[in-house]
Amino acid sequence: MARSVSIWFVLATILCSLTAISAEESESKEFVLTLDHSNFKETVSKHDFIVVEFYAPWCGHCKNLAPEYEKAASILSKHDPPIVLAKVDANEEANRDLATEYEVQGFPTLKILRNGGKNVQEYKGPREADGIVEYLKSQTGPASAEIKSAEDATKLIGDKKIVVVGVFPKFSGEEFETFMALAEKLRSDYEFGHTLDAKHLPRGDSSVTGPLVRLFKHFDELFVDFKAFTVEALEKFVEESSIPLVTIYNNDASNHPFVIKFYNSPNAKAMLFANLNDESLDSLKSKYREVAEQYKGQGIGFLLGDVEVSQGAFQYFGVQESQAPLIIIQNNDGKKYIKPHVKADEIAQWVKDYKEGKVPAYVKSEPIPQENNEPVKVVVADTLEDMVFKSGKNVLLEFYAPWCGHCKKLAPILDEVAVHYEKDPNVLIAKL
């Protein structure tokens, strides 16, 4: 009996040891593939869908992402079919060409590679494990989901999402193929659905048979229809329709994707900064929206920013919070136009004057000096054009900082040079 108990004890010990070894092996196994210049293309070519992180070992954000990325890879390895996650050390000299090829401009950068690497998309999902898993599951399979009932439509078209739905008399033909190509191209940014019956959809004319594309959104007119079936036209329609008439910039994180789209837009950017919680400014905000409606589709976007979260913008544009409510318009050429302390009844005329080229560009400048009699003349931003570029003179202009030790050492030498050329009408020695 004692011998029997002893044998069972030994077997139990062995089983426990094997279980512990198995657990250790499972914990030590890395599910994220490590790729480099030598195996990248060969590995990618074998997968219809693979996600690649370009990282740098010194990058803090990469270090924070690493355990989440590994956890997601572990979970997704059990998905049917498995979803593969990989990583490339883009800081390694031998891998720099890969980083350049995939337009890596910061770390970490994640790319979704489809069809053996033939199609490349930006990863635009969460950076924590559960979010990565759910986002990547949504990116596999068909790019557009068939809507067969009102329940399907309700499930797909949520309250806080932008969803693009194609209505077709049949799931074939040029228009349907074009829609599916659009869905494949933009699937990382939007959700897509297609249906044979518009009666399933929550908004819009339910009698249409298509082909048409209906974009659902949770702002402005709530849905928009479109019937021009080329990928380029549809893509432009989706991009423009998915930006609010007036983008709100405040503490609400759900607005932030729209703020990014606003600043990435090729349009000129009009920005009204005010205290959005001040009810006395309701008429100002209402008039601003009217003006935005007036200039819709005319190459200018509109944003309404709360002063509380716009301190970075004030610093960037060189303005003060005390100037709010103020409008700033920035062109693609970098020129800025500013209207401080703006009133509701001034907005429409000021924007009209801007569009007609009647508003002078704003330049951050020190005051023009009342006296400028020293040998080295003082130039400020407001006098740069006239004193330097339009003067017709040969100009030596020093850009300096008052606290700079090298500038202080140069000052007497510059004074001496200026005295030497003081009587020469074709020479100007100046500092800014």
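The backbone N, Cα and C atoms fix where each Cβ goes, and this holds for glycine too.
The signal peptide annotation in TrEMBL covers 1-23.
Look at TrEMBL and you will find 12-141 (among others) tagged as domain 'Thioredoxin'.
What TrEMBL lists as disulfide bond is C59-C62 (among others).
Feature annotation from TrEMBL assigns domain 'Thioredoxin' to 338-432 (among others).
Around the Cβ of C407 (disulfide bond), the number of neighbouring Cβ atoms within 10 Å comes to 15. The feature disulfide bond is assigned by TrEMBL to C404-C407 (among others).
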Which same-chain residues, if any, lie at least 6 apart from C62 (disulfide bond) yet have Cβ under 8 Å of it = E53, Y55, A56, F107, P108
Rounded to the nearest angstrom, how far is the Cα of C59 (disulfide bond) from the Cα of C404 (disulfide bond)?
-> 32
C59 (disulfide bond) CB neighbourhood, other CB atoms within 10 A | 16
For the domain 'Thioredoxin' (338-432), the averaged pLDDT of the predicted model is 93
